[in-house]
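What TrEMBL records for this protein:
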type	residues	note
DOMAIN	A:10-192	domain 'Tr-type G'
BINDING	A:Asp22, A:His23, A:Gly24, A:Lys25, A:Ser26, A:Thr27, A:Asn139, A:Lys140, A:Ile141, A:Asp142	GTP binding site
Amino acid sequence: MSTDAGIAQSKIRNFCIVAHIDHGKSTLADRIIERTGLLTSREMQAQVLDNMDLERERGITIKAQAVRTIYKARNGEEYIFNLIDTPGHVDFNYEVSRSLAACDGAVLVVDAAQGIEAQTLANVYLALDHNLEVFPVINKIDLPSAEPDRVKNEIEDVIGIEAMDAPLISAKNGIGIDEVLEAIIEKIPAPSGDPDSPLKALIFDSLYDPYKGVIVFCRIMEGRVAKGTSIRMMATGAKFEVVEAGYFGAGQFIPCDELSAGMVGYITASIKNVKDTAVGDTITDAKNPCAEPLPGYKKVNSMVYCGIYPADGAKYPDLRDALEKLQLNDASLHYEPETSIALGFGFRCGFLGLLHLEIIQERLEREYNLDLVTTAPGVVYKVRKTDGEVIELTNPSNLPDPSVIEYMEEPVVSAEIMVTTDFIGPIMELCQERRGRYLGMEYLEETRALLKYELPLNEIIYDFFDALKSRSRGYASFDYELKGYEQSELVKLDILINREEVDALSFIVHKESAYERGRKMCEKLKEEIPRHLFEIPIQAAIGGKIIARETVKAVRKDVLAKCYGGDITRKKKLLEKQKEGKKRMRQIGNVEIPQKAFMSVLKLDDK
Amino acid sequence: MEKDGQKHLGIYIHIPFCVRKCFYCDFLSAPADEEEKARYVEALRTEIRGESGKYRDYTINTIFIGGGTPSLLETGSIGRILNRVYENYKVSRDCEISMEVNPGTVTWEKLADFKNSGGNRLSIGLQSAVDSELKALGRIHTFEDFLMTYELALKAGFCNINVDLMTAIPGQSVESLKKTLQRVTALKRMPAHISAYSLIIEEGTPFYEKRPELPDEDLERELYKITGDFLLSKGYRQYEISNYALPGYECRHNMVYWRRGSYAGFGTGAASMVENVRFCNTSDRKKYMERFLNNDNNFNIIQNDMDVNPDEFPIKNKNTYVTKEDFQKNLEGDLAKENVQALSIEEQMEEFMFLGLRMKAGVCKNEFLRIFGKTIDEVYPGIVEEFCERGLLALRKEGVPGEEWIALTPFGMDVSNRVMAEFLLTDTDI
């Protein structure tokens, strides 16, 4: 068994890489791992750290990952590098902040052509908030459009950190990687912390393993932990005995004798449920606890909810099992059973954001081979009733009767949008349409500005990002954080198909946009619902009052005129196709509704 | 199909030649030179003789020579083909013997040859009596050409004549359809039978590549209704979704298909169904010709079929019923046969329903029970009832006392695919 025990804190560097999406974070991580040994380039699957298929496909990091490598520096000394890869999406901001808290420094990657983007800023500020030492590297310098000097100036002007001697690199082509490695040793401080104090370790991620139970990723701040240590999670109160401690090889877990202050590694303790190992919680020694937990722990709440139903009602138990398994690895996924008149038995699921929702949905479909019907996502509303009770509304169908509602509140975010000056107009218009409250604008340089808005969360969870991209021809970037709840004039919009209310299609909307949304929703459903043998009215209603209507005309003709000779195979195929199409429908009353129609509300802004 | 203890068979003979493809046509048909046509006729004659061993127990009740344009074959060919049938099959005295002809390809001699060879029914492809519409369809003839052909057919002694019409032709209007219907029913002797199909754009046709502007759904249905009403007023009765006949002149060969009688198809691409085994000939003309022309080939199965000694045909006892298994065994390994498929009971049931429902008379509940030993309601619980409630199907007590029939209503016919799809029990994976 190898051990880090003999390694002095001064030879350890715990760091992460922060960047805007696509600026080359994961590629640089790969190069660092490759260059520091442990893994030859042949062994490397591109982007070692993003190990879910989905992550690789989407080019984003969903879960935090960590890897320990050994770097032999120019000064002849060997250093331990713990690289912690952080999720790169606003949905996972809290996870990002905990990963950052496990580091002592951060490498800021900025694209030499694109310069600073909204996520660059958000991530840098987050890193600086955690007192990390941040140093920049300029990536993609081999691109013809690279302007390293401009970008350096931008970094100094906008972020206010020293950038003139930033390494100029191409992670993709392996240029300048050695400079980055040396800079890590030079600029990022070694960890501190007393190995002889009571144990104080930060949980920054966890992973469920069917054999070992939960594998807890942690950074030891004070003290030490080894096999046999009795530990206690300070927030959840759960107690365990450590079975194994170790560090992260490339793609594997390598046991060691103990982890001590300054180190990054994992422990296992026959923990059955990730709920007991909340990200951000502090691990201490049950027998010799530390006085105070580490700051910054919070319970993560779901921001977005939707109903998930099996397309085939008989698959309900399969869906339940799949959700259970996914939750083992993802404590931020919440679900509870619910019943819809239209869709039958399913689950109301809570997510950190829309990306998180999409990821779970895709994993359910791919990894568990489930065919799903998903209802339109919504945010959590607070409904204050006349009797003083406040309910958190996650399913529009549960909205109490308007007569007992005193008022409603909706979540609001503060958003920062970075945009080239040409597109300020269209972007402001977009924010206005989405009920944004303008807070201000800063010019970062002559051609770029940072717009600050407050926006209702429910206006941005659907397609705001797409709209932003299309209205700025891809030049706008966007970041936000939850600000809080605000009172708002909200109504429930109901959809009636063939005069029957379809509960799964109801959604909450601001009073002023209700008419427009209702009209668009009816139009959209008219496109989605196939023609039947009878006319189908589609209506939008608020509290029983119809505000919009469309009609799906009846089929006049569906007949194979000529059925030539004795060859009936074609005729049968045609009939089969017809029958097959029906299988992908949901029967509501007499009407068959395609599964994707339940997501229609998401596409109301399609032009 | 067994009647009076006898087994009946329809024969279809395919002639895959035409002057030129029409814009809408996706049938197996193409222009060819005279030598090719002559060789094809010889291959066909070999096939007809070679296959006869399979059908020794059957009486032939209908023969249909279709295409393509059978009237394109040189004078005498049709007689040679039919004679080959008579030499090798038991053909009933009142056999319906039809041939498709196209205006402009028919001569007195060809009609006389067909008539003298026993032909008693002609099917003339007119499509429209309006020349601009004929042109829009890519037809090779005018209405005037049709009139000459029709005249000639009457003179040759044919009194059972079908005229093919088409609705939903690009540019067709209510007025132009009425003109066509009037012209056709004002002929000196009214055609005994009229087929009126609405144009469907099929893949692989010129219309598919360059889609013409077609009458919309509402107009198309109006044209369909006008056709039915007009023909009814002239004494025609609709007996199938697209077919109308003067009483007694329904096409018996067509009925074999809808009623699931046995039929054998000869020629390229021709489909057969015998003893609930469906199969079809290769559509590859080269392959077909090789199979039936080159007697030197070493294919055992060919030798087997071609040495016409019926007693050596692999069915052991000539009085035994030809079973499904016999048929399949015989068909497998035959290079000219494709898609051999022994129909399961479920497949037979669904076919009974969706083919039978094409007929105006519909399907007979009692017959279903007789054949399958189960009632329709047992196999399709609630479906007939539901469609009756929705006005798509109707029940009728008719014919033999105690018999009950299920048929599409006029509304049901308009949307018949929706109804028929509900009677499927199986999925094909062909």
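Each residue, glycine too, has its Cβ placed from N, Cα and C.
All annotation found in TrEMBL is predicted automatically rather than curated by experts.
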For A:Ser26 (GTP binding site): DSSP state (helix, strand, coil): helix
Sparsest-packed of the listed binding-site residues (A:Ser26, A:Asn139) - C-beta count within 10 angstroms: A:Ser26
Among A:Asp22, A:His23, A:Gly24, A:Lys25, A:Ser26, A:Thr27, A:Asn139, A:Lys140, A:Ile141, A:Asp142, the record's GTP binders - longest CA distance, Å: 18
Sparsest-packed among the binding-site residues, when each Cβ's other Cβ atoms within 10 Å are tallied, from A:Asp22, A:Gly24: A:Asp22
Secondary-structure category, per DSSP, in which A:Ile141 (GTP binding site) falls: coil
Mean predicted confidence [pLDDT] for the domain 'Tr-type G' (A:10-192): 82
